[in-house]
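The structure appears below as structure tokens.
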Amino acid sequence: MASVSSCNSTIRNNAAGSSMLHPTNNVIEDNPASNENPPTGSIKRKFEEPLGSIVAGHYNNLEEKGLSARNESRILYMRNFNNWIKSYLINKFMNMVRENFHTHSLAAVDLGCGKGGDLLKWTKANIGHLICVDIAETSVRQCKERYEFNKQKRFGAPRFSAEFIVADCTKVCFQSLLGDPTRRVHIVSCQFAFHYCFESLQQAETMVKNAASNLATGGFFLLTIPDANYIMKKLSSEKSNAFGNEVFRIEFPDDRPEVPLLFGDRYQFFLEGAVDCPEFLVHQPTLKRLCLKYGLECVYQKRFSDVYKDAMQDEQSRMLLQKMSALEPYPSPSGTQSSSNSQEYVAACEHLKQQQSDSNVRPCTLTLSASEWQATNIYTALAFKKIELPCQ
Ligand SMILES: C[S@@+](CC[C@H](N)C(=O)[O-])C[C@H]1O[C@@H](n2cnc3c(N)ncnc32)[C@H](O)[C@@H]1O
């Protein structure tokens, strides 16, 4: 297999935002000294063109919506549900890490961190250091601002130090940009972001290398990706190159080859108010082989519906589900459901009918609309453990 490690296109910003071209190696550098020991919270960036720029552009242009706008979203509960699943997974593997490593200062990489939607999860996980990396510069800036804002809080402020890096992790290795490039982290978490690397073997390999090279032996690489088997089954049952519902749509080009590609099997993914971007199918046997090549052994693989079942066995997760409003009350106390289409709640309605009715209590259940449930269940969670490779 080919391998790539093109680590030569670095851009670093100074406070004024001006930059200088370094003639020898395509490095645009303002403040070379800051490379040695960047202060907590400095942003560095490193990426190449071209599809990455579409993805970065898409996420950069996503508006940072306020709480009230988020609360009105058609997919509010699905977003909460996905956040709850991520919390469960991060906690589960952080607990395993705590058993394996007897250190007080655990470190993590949030690969494809976006605007920092998981910062609170890292605070709760009580880590010592977080490395946030993303291709979208605006998102990384917002992530850093969010971290700094949270630091001012009286309660629940993150106690961990953090660094922020802009890099196309499918094209470049970001390790050299770290404050301490010799640091090995205990968890690399790549949530809803890994699939962008399956554009080509080289890109997938660079992404996996970015995870593996930063992980300590015994640490975990966590990912959530769309399940290619599910998507293929849906396409063949619909006898179409597209499928979707009220909240999402997946559309392959008309000229998609009959024999599926291992890499570069591109489709357009649309998610109500959140994503409208090209993505790539991840062929899971290939992913596992690639990971193993870099000492990452698959130890966990579950569709979200099964992660949900597992999480519901755990009392703390059940409490967190309530706290995070990860499911929608049906019928809604306000009289308005996320979808006005009653067909979206047929399962919840049936469930209520089957429950013994107590004349004094209005029966109520927690659910997701059928469309949101289908959209969340596109995803699979995987975890890989970093193992020592035998000397080659
Ligand atoms: C759906 S968002 C998920 C954000 C965050 N992980 C979360 O769960 O909320 C996908 C993220 O992956 C990032 N991303 C896509 N391609 C990337 C690449 N090549 N390198 C680094 N980040 C990338 C995007 O900019 C975006 O922030």
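Each Cβ is built from the backbone N, Cα and C atoms, and glycine gets one as well.
Just so you know, TrEMBL annotations are computer predictions that nobody has curated.
Per TrEMBL, the listed range annotated as region 'Disordered' is 1-45 (candidates: 1-45, 316-360). According to TrEMBL, the residue from Lys86, Lys92, Lys233, Lys234 that belongs to the S-adenosyl-L-methionine site alongside Gly112, Asp134, Asp168, Gln191, Tyr196 is Lys86. Checking each of the recorded positions (Asn83, Arg146, Gln191, Tyr196, Glu279, Tyr379) against Lys115 (site 'mRNA cap binding'), the C-alpha distance stays within 10 Å for Arg146.
The Cβ of Arg146 (site 'mRNA cap binding') lies under 8 Å from the Cβ of Lys115, Gly116, Leu119, each of which sits 6+ residues away along the same chain.
Nearest Cα neighbour of Tyr196 (S-adenosyl-L-methionine binding site) among the listed recorded positions (Asn82, Asn83, Glu279): Glu279. Taking Cα separation as the measure, Gly112 (S-adenosyl-L-methionine binding site) is nearest to His195 of the recorded positions Asn83, Lys121, His195.
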